[in-house]
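Visitor: To start, I am sharing the structure in question, which I have written as structure tokens.
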Amino acid sequence: MTVIDAPRAQVPDELSPQRGRWHRVRPFLPLVALLVLAILPYSTISLPGIFEGPVNSPGTLQLLAICLIFGGLAAGYDLLFGRTGMLSFGHALYFAAGVYGTDILVTRAGLPLWQAALLTVTGGTILAALLGAVALRTVGIAFAMVTLAFAQVGAILVARDFDGLTGGEEGLPLDVSGLPAGLVGVTNTVNLYWLALAYLTLVVFVVHRVSGSPTGRVLAGLRDDERRIGVLGLDPYRYKLVAFTLAGGLASAGGVVYVLIVGGASPHITSSELTLSLLVMVVLGGPGTRWGPVLGGVLYMYLDHRLTAFGTSDAVDNLPAVLSRPLSQPLFVLGTVFILAVYFFPGGLTSLAPRVSHLTRSLRPPPFDPPSIMKL
Amino acid sequence: MGTVILLTLTGLGLAALYFLVASGLSLVFGLADVLNFAHGLFLGVGAYGTWWAAGNLPGAGSDGFGFVLAVAFGVAAGTLVAILVELVLIRPLYSRTIEQVLVTVGLSLAGVALLQATWGADARPFPRPDWTRQVTGILGAQVPNGGLLLILAAALVLGAILAFLRWTRYGLVIRAGVENREMVTALGIDVRKAFTLVFAIGGAAAALAGALGGVYFGTVSPGQGGSLLIFAFIVVVIGGMGSVVGSAYAAVVVGLVQQFVNYYGTSGLGDICVVGLLAVVLLLRPQGIAGKVATA
């Protein structure tokens, strides 16, 4: 029996995407970025206006680490929102479960960090699976409200401080005496920075692998047309539960790293505002893209921290009160930018690059083409 | 006995507050499919509008007719903001549900930050007539007058909305639109006018809730709307989206459960019971007590 290969499909040139100048380098860019971020703490450059103090000062490294964590959180949230189309308003709950779980196990129960971290991530994942199993019985807006309500329970539990576990309004500082020496103290901020970078890398890797897998295709199908997936004989509920559980587990892992960086838990991380800001990060960056949510998360946290300094700077203080007061509120600036983004660049930051290149291409004068009469 | 009556009446006061916020949310969601996160902002505008008017508006004050004027000003401000939000921000995104939610989310963040920037993050004492600070003896229970005022206002608003929906032409359009929007459009009626109207009604009710809530709590702060909003959402889901009567029933149930469990159990347990109630309702009857099935 002879096997005859089918002839290769002929794709017309104008249909195949044009290869950019950098197409050979592109696949390696994430690795290069990772390398640059990994060796960043060795540089002593100071970037006045962008960071206070040199890049490797503990303050800057801590800010960067928080930005990286939220980049990872936003990427995990995008697994729900951008890739599966689930609008969850309760993602803060799983992050808070990671933060408070680790904190309580280390500080109150005196467990070593690795045990606490393992227990917390397992617990957070199970929590997400259980609550997701209930919440996913609803769809669309009702799902959003139910997740919001569940997250509110978390916020109430933390705020009411049952048995004095959570410290209530004041939060719970992390007891550092039992932690590994390399993770404690101002001089070791760099290790926490690397931990945050590792977390971000993990999340991006997991999300990338999942969205490339057959499961990820089903998830994308659920986002675009859930009924069709049902008709194809797949169970939407089960796939959504998988995505929800995975995202919850990733968020609680982020909480474990976050509590180490910040050195304690405070009740504001349980608020629905945190989930809303995750949503803002994803939409600003570009939902459903690989780097958009990461970029959005990093940028949002950076702006959130830096706009506070900007708001109290002289340049703003000298403005009339009508302008200076709203500008001193980071959330006002970010909320306004967010609304504008929804209207004017719905694809987020990542959609800007193709648009700008399109614009420059159409603005460039066309190559000189002699009129056909001259050729004769 | 006195305790039970007191708890019932304060629970009903809380229920009244929830109902004032939830009725607008429910109508807006039922008709326009907009999950309005900015509803808490309307509440905040109503509260701060009343607070500002009582101090600055000529003729308005914290007592007697002046207070009525101040509340009217707050409600007018809330209604105006609601109409503006619908016209400027929601209408261009007609039938794009997710984007509408995102815009209201952004608006709630920015709006609350703006309130905070203008009047500070701290709670401010709310101007209220002296009689609202006192209590009335009902069957041996000393019930605060602020709560009774809320119950009265909510009952009036419920009656007014129901009458409006039942006996006016616009009410007919809104009821028909909640049931089947496409059909109403196909009959040649501009449903979007009804959207604006529903936003105005919801904004007015929420602003009233803000003003009377200020009287009830005695203070006003920028974040007040947000925490009430979550329970209002729960009320809307339990009651069934698009049903005003369902919201009223659900508000009463939620308010009473919260008040009784918080008193007889641990503080905070009532709030958790309410969420448990939500989960039970969703598992047994996903469309809520009296609503259409909530999809998309």
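Quick reminder: no glycine exception, Cβ is built from N, Cα and C everywhere.
As annotated by TrEMBL, transmembrane segment applies to A:28-51, A:63-80, A:92-111, A:117-136, A:141-159, A:179-207, A:241-266, A:278-303, A:331-353.
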Visitor: With Cβ-Cβ distances below 8 Å as the criterion, list the same-chain residues six or more beyond the ends of the transmembrane segment (A:241-266) that contact it, or say none.
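Guide: That would be 62, 65-66, 69, 72-73, 76-77, 79-80, 83-84, 86, 88, 91, 94-103, 116-117, 120-121, 123-125, 127-129, 132-133, 135-136, 166-167, 170-174, 176, 179, 183, 192, 195-196, 199, 202-203, 206, 210, 215, 219.
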Visitor: Given the transmembrane segment (A:179-207), which of the listed stretches A:63-80, A:141-159, A:331-353 has the most Cβ pairs that are under 8 Å apart from it?
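Guide: Answer, by Cβ pair count: A:63-80.
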Visitor: Would you say the transmembrane segment (A:28-51) and the transmembrane segment (A:92-111) are touching, if the rule is that at least three C-beta pairs must lie under 8 angstroms and be 6 or more residues apart?
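Guide: They are not in contact.
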Visitor: Hey, which bits of the same chain come close to the transmembrane segment (A:28-51), Cβ under 8 Å, at least six residues off its ends?
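Guide: Distant contacts of the transmembrane segment (A:28-51): 57, 60-61, 63-64, 68, 190, 193-194, 197, 201, 204.
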Visitor: Under a Cβ pair cut-off of under 8 Å, which of the recorded stretches A:63-80, A:117-136, A:331-353 contacts the transmembrane segment (A:278-303) most often?
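Guide: Stretch with maximum Cβ contacts: A:63-80.
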Visitor: Give the nonlocal contacts of the transmembrane segment (A:331-353) in its own chain as ranges (CB under 8 Å, at least six residues past its ends).
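Guide: Long-range Cβ neighbours of the transmembrane segment (A:331-353): 277, 280, 282-287, 289, 291-292, 295-296, 299-300, 303-304, 307.
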